[in-house]
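Below: one structure, written as structure tokens.
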């Protein structure tokens, strides 16, 4: 991703570590093809690598990375060692009591490949072991609806996730599993394309109104429109029933790991997994930062029919014909439009009616799905339910907050749009997961009125008032001390600490020596004390340099990820 997207938005603690025996994640399930089992590899040639200063060494076999012609160690022998041995080799990093804010790391979007199995398995194993050694609490992985239930409704292929969950359990990392009911591709940071299930797309082809639609008739295939949540439009099932059945199947498949290894279920509720409308689609150039986006309520069968009924209920039938006609387009700025400008229609009777209806539809959608999730997982000790909300910080300094309004957050100079979301999550005991935690106001273009710090502060206040746990993510990959300091300040130095922080994202750049040194220091500050200054971060980074940068395990992770 180009750095000029730094103002945009991309798409959380632990419990005592429970290790599983090798092979325990390979489960029989009559609804899927035979699970791929991760079995020990025969190793003939061995040499020794040191995992950390003062720690034991382990033997393994060499592997050649042809992309760079580098002789790299094969960690399969270490990964297949008994759980106790892996834990011994990894030392004390992660898995213990965390006084501050536990850190999780997002996995690559293509961690699991279609048809089962892990992409870059040896690199994945080396990387997870390095993260564990650094003190990371766990990892976050997308469980793609479009991959697991791809071919036919009710048929689930969990094979790649069997392998991943077993690997995480063996190494001793917790897992945040994201129920990803959206398409991958088209949003900030999407590096691969994973569409919705084939049979879902077939139904959308038959009935285009199942997709979100804007006033120009543009359809968005990223996520099923919330307008049809409760209608049996997917071969006799409603979308919410499909989501619930998927989560129920996930629980059945991974029942022995829920609460021990799998400690959080983040429920996808829209594009990029976030509770919002797809109002700023970037992939095809429709939207460009810092545009205000566009309302997504123009399909005639579902959203417009609901709007019409709502307008008739208040005695204003003429308000039910559509959204505001003077709201501009995706790339406009607030002052370009009559509706969003300083004294625009957003603050009039019609604007209040429409924005209340539009945002309530999103709230109702969130409540339906989180209610289903809690009914499925709520009786499991050690498992949290979370929901991600987008950090739409551009034009936050204006009165109308136009980009938030088109996304479904009725947040203006005169109205708190995040407290209703927090209260909805609070009714179900769900975690409020918020992004853009790493950003500072001064880093953004002043003319776009970006205020991410104020936005994070508002969301934190709403979470406190509603009594819900707040967790965070960074919106874009950042490895610098300035971003780390900002995360520490936002996550750990408020009136109440965040429940967890998820770091975006694991990849070759993370394991570059300087980035890795700073990351290890950041994890320690977050987990041990939950607070610290920029100077503290630098001192920690200097102390960690010899212990973290030159460890062969970290070098292995960096090299194998780069050339995989």
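Every residue, even glycine, has its Cβ placed from backbone N, Cα and C.
A TrEMBL annotation is a machine prediction, not a hand-curated record.
Copied over from TrEMBL, here are the features:
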- 274: active site, proton donor (ACT_SITE)
- 473: active site, proton acceptor (ACT_SITE)
- 142, 182, 190, 388, 393, 435, 474, 475, 505: substrate binding site (BINDING)
Most Cβ neighbours inside 10 Å, all chains, among the binding-site residues 393, 505: 393
The residue listed as 'active site, proton donor' and residue 474 (substrate binding site), distance between Cα atoms, whole Å: 14
Rounded distance in angstrom between the Cα atoms of residue 393 (substrate binding site) and residue 473 (active site, proton acceptor): 14
Neighbouring C-beta atoms (10 Å sphere around the C-beta of residue 474 (substrate binding site)): 24
Rounded Cα separation (Å) that holds between residue 274 (active site, proton donor) and residue 505 (substrate binding site): 17
